[in-house]
Amino acid sequence: MIIMQSVKYYLSEHPCIVNFRWSNTQTFGSTWSFLFSSISIYVFAATTLHSLLSHILPKRRGVPLGPIPAIHSLCISLISAVIFTGILLSSVADIRDTRWFWRRTKTITTPFQWFLCFPLGTRASGRVFFWSYIFYLSRFLHLLRTFFIILRSRKLTFFHLFNQSILLFMSFLWLEFCQSFQVLAILLSTLLYSVVYGYRFWTEIGLPTACFSFVVNCQVVLLGCNLVCHFGVLFLHFVKGGCNGMGAWGFNSVLNAVILCLFLDFYFKKHLKKGKVGNNSGHAGGSSSARYRRRSVSELKSE
């Protein structure tokens, strides 16, 4: 009981969390210039490193990184679990403290509607926005994986660069415009990241991989859940008289649609290629299983 109370205090009732306020003048990383500079530096550094390695190292030869990728995966998994727990506890506390405001706005009437639709006039301050800010900062840690992929497998795709940049951009929009749906999006994303990066840590230290594309299928589930929730936000916006930050939500939806199209194109091309390889090597017997496991590990490192 004492441990639970301590966890609840430090993750949802600490003064730094309760009194948090997103400010363009006082919060680190809260300006548009910082955002665009960060994305530009990330894209430039990734493409430059990929180009240099292509000219310096022999084809298909990677750079050994030792335990660094495993430590990175473990850190992201643990940080995501903390963010998930923190924003869940903070959501419960904010729902408890703001029910009186719901009666005045008449926009939302249930906690589930609050997860999808912030009342008009919501400002980026308080518990859930503190964890939204921590989630935004954690996106910079995700960017390091791009350089691990380049160094180890010499691969860099437009989809990967675009996806990482847009996810960082969208997490900034959530805070800047107090966008509706962000709490549920962070809960879904951090739950996925804690599982996926935990699995990546598992495989990095040499433990067995799944017999299917675990990471890719988790991403499909997340995209599907986001798509359903976006329809819920749109429904509440028109039925309940408006949700906060719908301009940013509309732009966010367009970006999500682009990511979904690019991901599905990548997903189907990958599986069609696997199907052709499987048909061509179906007579190989037991050796095909070993090849599949080696291919799964290499794909996991490049996802």
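Placed from the backbone N, Cα and C atoms, the Cβ positions cover glycine too.
Those TrEMBL annotations? Automatic predictions, nothing curated.
What TrEMBL annotates here:
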COMPBIAS  279-290  compositional bias 'Low complexity'
REGION    279-303  region 'Disordered'
TRANSMEM  32-53  transmembrane segment
TRANSMEM  74-93  transmembrane segment
TRANSMEM  158-175  transmembrane segment
TRANSMEM  181-202  transmembrane segment
TRANSMEM  214-236  transmembrane segment
TRANSMEM  248-268  transmembrane segment
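Here the transmembrane segment (74-93) sits apart from the transmembrane segment (248-268); fewer than 3 CB pairs are under 8 Å, leaving out pairs fewer than 6 apart in sequence. Stretch with the most C-beta contacts under 8 angstroms to the transmembrane segment (158-175), considering only 32-53, 181-202, 248-268: 248-268. Long-range contacts of the transmembrane segment (248-268) within its own chain (CB-CB distance under 8 A, at least 6 residues past either end) are made by residues 157, 159, 162-163, 166, 169-170, 173-174, 176-177, 179-181, 216, 219-220, 223, 226-227, 230, 233. Beyond its flanks by at least six residues, the transmembrane segment (181-202) meets 69-70, 73-74, 76-78, 80-81, 83-84, 87-88, 91, 115-117, 128, 131-132, 135, 174, 210, 214-215, 218-219, 221-222, 225-226, 229-230, 233, 249, 300 of its own chain at Cβ-Cβ distances under 8 Å.
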